[in-house]
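Okay, structure first, notes after.
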């Protein structure tokens, strides 16, 4: 059951961030476009601010320069004393925290939408921190209803007791769009267009909320992480096999005990030997090789999302 407070005032301060990872090109080019032509982000009751989150990584067309920016928004990084030796992304996280936060403060932005691509076959994935984020859950439901052909699976990335660390956590409310498959450093027109359409629908939803639309309670199905699986490796640390063809591209599909998960270079199959069925995501994600993750294990569950309060319709900021 969702339990965190929901917004009771219109959401006025909204940001759309792209290029948190500098080689995820849909968000990079959308952010760069909107910085030059922001009219697309305007609604009657608010205007969203476009932000290019990681300019240095974007210029180098790499995921990050020194440290993964989307893992840098923890209290230890944000609140520590700056030094000349700090990784670039830690410094940039503090700058973004000042721009969009400060995190966990009343002065933080009302909502941040962060744009990502994945090389995995995740389709249209909506990433929130937990089921307790009522506004984000209603937004996810709205996207699912608007685009049933996209599935729009909901992945809740934060484990119980874990501190939030991603960029949108600096705001009072947030969501990440994770669209794929798209290779790193490549811009695909279909995924670019899909992301652009989804961003417009997110902003439309915020406008509906601001104008007093009723959003009743509902049941939500989502996925949450329960573990990770590394690639099989040799004693020297080199790959000894790769993701099995029967697992490849089957993100969000059930993985049953005894099913093959890796095809070893020696020729045999390595089987999934745990007792419970899981739902792998980020299967063979290129960015996760360095993290020792061949795929993330998730469980599927259902929970109740309560109704949101109905606001009084608000005039536009200029009226």
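Just so you know, glycine gets a Cβ as well, placed from its N, Cα and C.
Here is what TrEMBL says about this protein:
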type     : residues    : note
DOMAIN   : 11-206      : domain 'Succinylglutamate desuccinylase/Aspartoacylase catalytic'
BINDING  : 21, 24, 116 : Zn(2+) binding site
ACT_SITE : 178         : active site, proton donor/acceptor
DOMAIN   : 219-300     : domain 'AstE/AspA barrel-sandwich hybrid'
Local Cβ density at residue 24 (Zn(2+) binding site) - other Cβ atoms counted within 10 Å:
28
10 Å Cβ neighbour count around residue 116 (Zn(2+) binding site)?
26
Taking only the Cα atoms, work out how far residue 178 (active site, proton donor/acceptor) lies from residue 116 (Zn(2+) binding site), in Å, as a whole number.
5
Cβ packing number for residue 178 (active site, proton donor/acceptor), 10 Å threshold:
23
For the domain 'AstE/AspA barrel-sandwich hybrid' (219-300), what does DSSP give as the number of helix, strand and coil residues?
3 helix, 33 strand, 46 coil
Quick one: average pLDDT across the domain 'AstE/AspA barrel-sandwich hybrid' (219-300), no decimals.
97
Relative to the Cβ position of residue 21 (Zn(2+) binding site), how many further Cβ atoms are located within 10 Å?
26
List, in sequence order, the residues of the same chain other than 21, 24, 116 whose Cβ lies within 8 Å of the centroid of the Cβ atoms of the recorded Zn(2+) site.
19, 20, 23, 27, 63, 70, 115, 117, 118
